Amino acid sequence: MGIRWNSPLAQVIAVGFICFCCPGMFNALNSLGGGGQLDSKVGQNANVALYTCFAIFGLLAGAIHNKLGPKWTILIGCSTYVLYAVSLLCYNHTKNGAFTIAAGGLLGVGAGMLWTAQGATMMAYPREHDKGKFIGYFWAIFNAGAVLGSVIAFAINNKVVVAQSLGDTTYIVFISLMVLGTLIALSLCPPTSVAHSNGDKIQIQAFPTWTGEVVAVMKLFLDWHMIVLIPMFLSSNWFYSYQFSTVNGDYFSTRTQSLNNIFYWFSQIGGSWTFARVLDYQGVNRKTRSLWGLIIITACFVATWIGGIFFQKTYTFDDPKGNHDYTEGASYVGPLFLYMFYGLNDAAWQTYCYWLMGALSNDVTVLSRYAGFYKCIQSSGAAIAWRINAVGTPYMTELIICFALLVASLPGALFLTFRIKDHSDEVTSEHDMHNVDGKHEIVA
């Protein structure tokens, strides 16, 4: 039997393909360093504008989503990804950095809307025992977009040995895929029509008033569940500027950057999918799984970033821009594996953040606020990090800040794990209660 279009699984998969086309392609561009431009300054400053606006509108986007619904919220968000890619194509010909930076700011507004709607859909639509799997499905599809984007960039630029900006053809392909993702958003169902196979509807609070919604969002700053996770949220995108600009952008040749990103984003698929299985394992209670998850991601990031310290000792900010190529053989393999583990750790870290929030509620309205709060804090950190990168901070200093923030996230996350309940306060149905501890298949 096929999947019903108004089933939770079909809707999460649809949102996954939308993000495959829009944020996925954006990630492929952004991970090249400077949006694929040889002069990375304009891309770095655009990222500062992007994440600053993302932080503001991420917080407000929960209210927008709860009023407009996922279809229109995501559609508007996707259109700003198209505009940003167009601005980079324009920059190839006009060198108009102001347009690219302004487009980055507008992308921040749109990304806040898209990712808040995405987070609410991914966390609220599945039943409690399937939340990790749905997060894994989404993350795999979404990051496959970045893998494809990196394959396209590598195929087009494979003969480019020296570092230079991406060509028009690459940007045009990315723009076309982003337009496709924007159109897919029109097919999304309203939450009121989404139903499980047994007829159960997802939980939705009635939209109060704009004032009531804003008050509910602002109260999140007083909610201890969110407060203890602020360091974890803040650190969850902080390292992108270091990984994409300092490591990939400043050490490797243009074509090798694209090749590296194929492995980076592919590692994210494996990292999220495998880690989601651990978080949904039904042999132990949810509190134990949350503790297992924290131990695993801690061990992974500590080992990886210690390896990063040794690698970073091999070059500094004052050295000429690197042009290391994959043809160098054995000397290339070590940095490639480090970069892959950076990607795997990112996926596991963000999967854990979403799973923790999903363990706190089943209500799409509440979770849209949580997702907006998460993106607000996450993007605030990213805006600061990209500014630190843009002003020429020593590379080792960048790395130490990233590492320190990840370590600082652990106490709050540990505090919350010991207070995770086996069932959220709002359980969607008795069917959920009966099946949480037993064998089951994913319910569409």
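Even glycines carry a Cβ here, placed using N, Cα and C.
Owing to the predicted nature of the structure, the values given are computational and were not obtained by experimental measurement.
Feature annotations, reproduced from TrEMBL:
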TRANSMEM  9-28  transmembrane segment
TRANSMEM  48-65  transmembrane segment
TRANSMEM  72-91  transmembrane segment
TRANSMEM  97-117  transmembrane segment
TRANSMEM  137-157  transmembrane segment
TRANSMEM  169-189  transmembrane segment
TRANSMEM  224-242  transmembrane segment
TRANSMEM  291-311  transmembrane segment
TRANSMEM  395-416  transmembrane segment
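Here the listed stretches are 97-117, 169-189, 395-416, and the one with the most C-beta pairs under 8 angstroms to the transmembrane segment (48-65) is 97-117. Of the recorded ranges 9-28, 72-91, 224-242, the transmembrane segment (395-416) has the largest number of C-beta contacts under 8 angstroms with 224-242.
Sequence-remote contacts of a segment are chain residues at least 6 beyond its ends whose Cβ falls under 8 Å from one of its Cβ atoms, and for the transmembrane segment (169-189) they are 5-6, 11, 14-15, 17-22, 25-26, 28-29, 36, 70-71, 74-75, 78-79, 81-82, 85-86, 88-89, 92, 145, 148-149, 152-153, 156-157.
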